[in-house]
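Colleague: Sharing a structure with you now.
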Ligand SMILES: NC(=O)c1ccc[n+]([C@@H]2O[C@H](COP(=O)([O-])OP(=O)(O)OC[C@H]3O[C@@H](n4cnc5c(N)ncnc54)[C@H](O)[C@@H]3O)[C@@H](O)[C@H]2O)c1
Ligand SMILES: O=C(O)C(=O)C[C@@H](O)[C@H](O)[C@H](O)COP(=O)(O)O
Ligand SMILES: [Zn+2]
């Protein structure tokens, strides 16, 4: 028998609940409430069956408009958002109506953006269907789409009215996507919760399946890290009153400066969580070089990420191209690059304006590491779901 559902309360300015459990899709309507007449169900196009199952629950209470979206990052474009606005307009969606998203982080980012921008903001409930979506993308209110210049460059903060993490949805998720989600889980381990690292280091990676109690604990711990950070600094204005020196919400961007540059260089054909894993190794090497962390902590990055099958190396794009992409990272200020690094385990801090030589040297290390980052179509990324 699976453990009972748990509710994690997000106690910010606009409080909401994150429900975690198995077979908890009935909770979506509870979180939507009686306000909406119409509900737009924006779902990852591949998830027709799951969308049908959710729509059947919602039609009991609402007039449902189901819209299948293009797969993965192809959904995060201005054109797809415009198609959704068109559809909402045709069906006469008003401010009391709502959006529900069902899919991975790409779907919740696009759907959240549509909800945030339609009539300047309508209610949205996220139903993440990937590990990454559950532990990260669906929580915290960041929404966004990509532009030619880079990843997530257009978006707004728009907190959901609720999040339903139904672990049963992960049963069909390809193993490679589950592993990619572990990239963001381990990020949370490094920046805030070392117990996450210990759990992964002491569990056989093959046992990290959707029904495993350890995976469930990892999900709940990673969500707790994210909630704690976003409640303290929702709009990423920097710092947190209770922890001097903490970078605030930017801490969640650990590993992301290089990750986003790599994703752009590869035409968004890679898994975000994989790119984040490589990005974490890169900033660990940077911190090792600048003396912020010791060899043991830098090596721990490579070891624990590779242990679960995440990539730690990347040798695709030239350093100059990646540097140019990193200059439009949202943490940059003017011509100054800023990176989140560790000053110790669980102690994120900002490294502003590092020497280009240090960046280049850290990238040279990453270029030589195995396993390397690969995209869909590679043998490691086969379609097998969980064992
Ligand atoms: N807003 C945030 O705070 C935030 C945080 C982290 C990541 N993100 C964004 O999230 C995106 C990555 O999310 P992702 O890793 O979930 O990728 P994704 O949304 O691209 O989904 C990965 C793949 O899994 C498929 N899929 C989804 N659920 C499935 C299921 N249950 N069964 C079978 N297949 C399924 C999708 O169709 C897709 O092909 C990136 O765009 C990233 O920028 C946003
Ligand atoms: O929620 C946040 O804040 C994060 O940084 C979480 C990241 O994992 C996520 O990928 C986010 O979308 C990146 O934000 P961005 O501002 O760099 O686009
Ligand atoms: Zn991320």
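The backbone N, Cα and C atoms fix where each Cβ goes, and this holds for glycine too.
In TrEMBL, annotation is done automatically, which means it is predicted and not curated.
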Colleague: If TrEMBL gives 184, 272 as binding Zn(2+), which of 246, 256 does it give for that site as well?
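Modeller: Looking through 246, 256, the residue TrEMBL assigns to the Zn(2+) site is 256.
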Colleague: Please classify the secondary structure at residue 71 (NAD(+) binding site) using three-state DSSP.
Modeller: coil
Colleague: Just the binding-site residues from 71, 75, 105, 107, 109, 256 whose C-beta lies under 6 Å from any atom of ligand 2, please, or none if there are none.
Modeller: 256
Colleague: Where residue 151 (NAD(+) binding site) and residue 256 (Zn(2+) binding site) are concerned, what is their Cα separation in Å, rounded?
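Modeller: With the alpha carbons as reference points, the distance is 10 Å.
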Colleague: With a radius of 8 angstroms around the mean position of the C-beta atoms of 184, 256, 272, what other residues of the same chain does the Zn(2+) site pick up?
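Modeller: So the additional residues around the site are 132, 136, 183, 187, 255, 259, 273, 275, 276, 279.
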